[in-house]
Amino acid sequence: MDSVTEIFLKLLFLISVRNWNMVVAGNKYNCDDQLVSGLPQSSFSSSSELSSSHSPGFARLNRREGAGGWSPFVSNKYQWLQVDLGERAEITAVATQGGYGSSDWVTSYLLMFSDSGRNWKQYRQEESTWAFSGNTNADSVVYYKLQHSIKARFIRFVPLDWNPNGRIGMRIEAYGCMYRSEVVGFDGKSCLIYTFNQKLMSTLKDVISLKFKTMQSDGILLHREGQNGDHITLELLKGKLSLLINLGDDKTHSSNTQINITLGSLLDDQHWHSVLIEHFNNQVNFTVDKHTHHFHAKGEFNYLDLDYEGNISFLCLEPQVIPVTFLSSRSYLALPGTSGQEEVSISFQFRTWNKEGLLLSSKVHRSSGGFLLYLSDGKVKINLHKPGKTLSDISAGAGLNNGQWHSVFFSAKRNRISLIVDNDMTSSVHASISLQIYSADTFYFGAPGFMFLSGCPNSGNNSECKTSFGGFQGCMRLISIGNKAVDMNSVQKNIFGNFSNLQIDLCGIIDRCLPNYCEHGGECSQTWNSFYCNCTNTGYKGATCHYPIYEQSCEAYKHRGNTSGFYNIDSDGSGPLGPFLVYCNMTDATWTIIQHNNTNLTRVKSANRENPHTVFFKYSASLDQLQAAINHAEHCEQELAYHCKKSRLLDKTDGLPLSWWIGRTNETQTYWGGSSPTVQKCACGIEGSCIESQHYCNCDADRNEWTNDTGFLSYKEHLPVTEIVITDTDRPNSEAAYRLGPLLCRGDRAFWNSASFNTETSYLHFPTLHGELSADVSFFFKTTASSGVFLENLGIQDFIRIELYSPSEVIFSFDVGNGPSEVTVQSLTSLNDNQWHYVKAERNIKDASLQVDQLPQKFHAAPPDGHIRLQLNSQLFVGGTASRQKGFLGCIRSLQLNGMALDLEERAKITPGVEPGCPGHCSSYGNLCHNGGKCKEKYSGFSCDCSFSAYAGPFCKKEISAYFGTGSSVIYNFQEYYTFTKNSSSHASSFYADMTLSRETITLAFRTTRTPSLLLYVSSFYKEYLSVILTRNGSLQIRYKLDSHQDPDVFTTNFKSMADGQLHHVKIDREEEMLLVEVNQNERMKFILSSGTEFNAIKSLILGKILENSDVDEETMKASSQGFIGCLSSVQFNHIAPLKSALHHGSSAPIIVKGRFTESSCGTLTGTDSTLSETTHSFADHSGPIDEGEPLNNASRNDSAIIGGVIAVVIFIVLCITAIAIRIYKKKSIYSKNETKGSENEDSAESALKSELSTQNTASENQKEYFF
């Protein structure tokens, strides 16, 4: 069987393309023979030679003939040495020397290859252009094993740098073997046909492989049709290879049976590209060059016979097209024109990734004007002008920076111009202009002619060497001037025209988006020199969309100072899983709440084993995301309530379950809430409290009355519940109802995971860090040492290291093969202050970055062409180094590598010199405790003690507010407090021990429309007092009487009426006779007391109406007679919080409450949106079991659950909208009346405020009740 048949075995296909060539895979054997040493001198050629004794024929390795090597006439970057191997060979290695016994050698060079001696291709590895390091002397041999072999007939060495004290000198060798293959060529009308054998045979594995080369961007390579309508098509589309597999029946036309995969790019470059399709069982591997896509498909291929039709040639014809590469914006190609001709006609093809760039420019003969042909925003435009005036600016085409070849035809005859792009006459442009155009002497491609841009020739008048157009970077070919093709061979030999910074006879375009290094769905775009990632809406950031913008857990959000609310979390950090939305409940313990699609109590009837009731639960995250979140958490639980009436969970007769649930592991579970996985019981069976002792579940008693088995499932490996199955509700009076709560997870195992390094020689070691193309490391540290290595991982040459270099300097250093690189962050303050500091380092193929705390992030750009893979092989050392540099003394916490947490504590338990855990969190996180809250240390973290704060919540930020009705009063008795605490060592006791104050700090917030009002009153046993009132005109007034024999000091704030229904904050500070008053955190006033400096024998503090007999001034009495009607919030007198004591500690505090007094959310900033307050129970409250009576008032039948749910949601939304509309209307009404009527109609305003506050409270309660 011939080799073509072997390759295309079992395949029916049709090829129909233009100018195509295909080749089958070549031979496989030892391939390291010398390919150059035995060649005749005629096989060698070069750009030039210094003399006949320096000719290229003397460039064989280790030979001394002639001058002992090749040297060009001039040493510059346009020189090259070329070898014709006689036939195609597989080249696996190369070696170089300098000129024998000379000072001439090359220090770096490029390697190029070609099948025809034309259209060269540059050798690349790691998807970047790779310059080989050359020699350091004349006679040593530098040998390179190629990472991937080259299959070509011609190779070319292009020197880049050489010995500065000599010239270019080379002797070379190439190693490999001859590469023989069967070749078939197509003319665009021919095809190879493979037909089925009579005996069809199927195989377990099918392989199709081929190589092709073409200059065409579109065409079908292969097509196969089966007997059932299934087919396979391999097609080139815009230079990319598309594999279409249709496995469906023609009768079904199912789109689900179609698979379309696209691989490769720029495949129309007239170079060989390999294709491999492997089909094994249902797995298909599709490979183009080095890029593979794996997917699943069904179907089989069959044995085939070979035939052909049309003009088939079993050889490979090479089109003689010479492309040119414009390497930079300074590159230009100057070609002569025929001066003075009436008609100008120029055509060429180009390809580029840049949106902007000057393609062609020239002066206009007999005129000082000229024209520019340029790319702007991916369109070709013409700019015609003469001095001081632009005559025309027209455009054609769009999206021409897509890397494809595009043709341009420009013609002008006198005052008529035409522009045609891609031979598309519909978008061609024709125009008449007021400028006579004649052919000029020179046409400049790339940099401009009469305005040379940055690519100015070194000679001539450069006064006009400036323009706003950037130079062109890309490839051109098929250049024609005056309908005559330009001979680029003559240009290359400097016979025709001139050029600068070009590569002739190759197109050096690279698709930098293949492979796509943008992670997490980032969109890749590119220019000639680089690629860019658009990370919008991915949830990630950075040069390659690698690093997450969201925290990994609610615990992390909490310790950034966030309050309860909805947050996106990314449980695996920079790993493959995306972020998802959860509710974070920031209590003393941080709860993460993940909802599912069915939280209703659902009623079930008529279910049996043959026809079970099955319900599936879909969560707001994927199972992989849920698993990551659960693994992060310290504890997870999920409430499962099962209500039953003659509906059992277990059939005792056969021991088989009658109802069960399925969790994340897809295993059937027969234990229920409150029990453990090891026993088939319910909570009552564990506690011994079942209604019938012989059963382990209440429902198994099978009673004809409602009971339930309800509890929390807390075995993390089984959570969350994904399915419930019920089978015992088809007997008379048999019925069940179930409800599954949200998944609740507490804490973050990784966030506080830490280790203490006690000696400089101690360290922890972990498996090697794997992050060839991208890696990130983040952690917290605290230390008193001046320096130390945080972590290090080594390779043979590569390494990565993060260290505290000095007390104020952190350095991230690494090497991926391009030499060591460093990123440094300097801090203005010392980092060895024994407080926690955050470090985040990232390295990808575009850049490296380092951030410390909130300091500006520092970056280090990667070289555009170089090694990109970080290759490590040692263990990862944490807190020390393998090289025995100075280790780290201190603590490291929450160490994450590529989003995965390392368990420092477990490893520290078995490592000498390292201890698990690290105390002392308050020094860093104490500032999160607000409003007088005190930070308290915990083993894992800290907590805020709000005992002496007027606020509550995990960070003492939740305002404590209350509504005061008519005549209500809250009295806090200091004397009783003194008696109760006089033997205590508390701060408050010592503060009030002598009952005399020379200073006090008072804070409060209020909302009211009633004047006059008494906000606060403090009395004394000596008839001294302090009162804070609103006067009749709404002004705030502070009245101090510190001498019973004098009239009180009265201080009135210069502020507009504060009885406007808005929330106002007041702070009063007194130290002896100095009084400072602050209103709404911006109005500050200073007063001096004259009545005294000491407040003696204080007795009580009163909010609202004064009910006791008091000797106070007339204004205070008037205010007290009205009391206070409205909202008071966050009241604090020194370290006493009377409002908080009355609401939360009424039974233990020396407090008396009279009248209508209710807790409210009226003290929030807006007073109209209680969601701004720090809610700590809406989502995380673990609702207890439903009444053990009939639960059906809140249940929905299984056959109407969906409809009922939809109706409930609609009704709820309508009610919410109505309530909000009423509230907004009432608020508008209240404050518009206040503006116009002021205090004239106080009763009406008071009533309106009551109504508003009532509406807020109702809305708040409704929100909590229906939050799910």
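Including glycine, each Cβ sits where the backbone N, Cα and C put it.
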Which one is it, Cys745, Cys891, Cys946, Cys956, that TrEMBL ties to Cys918 with a disulfide?
Cys891
Taken over the domain 'Laminin G' (322-507), the model's mean pLDDT
82
Mark yes when the domain 'Laminin G' (753-918) and the domain 'F5/8 type C' (24-177) have three or more Cβ pairs under 8 Å (sequence separation 6 or more) and no when they do not.
yes
Helix, strand, coil: count each for the residues of the domain 'Fibrinogen C-terminal' (545-596), based on DSSP.
5 helix, 20 strand, 27 coil
Across all the protein chains here, work out how many other Cβ atoms are within 10 Å of the Cβ of Cys891 (disulfide bond).
22
Tell me, how many other CB atoms lie within 10 A of the CB of Cys918 (disulfide bond), whichever protein chain they belong to?
24
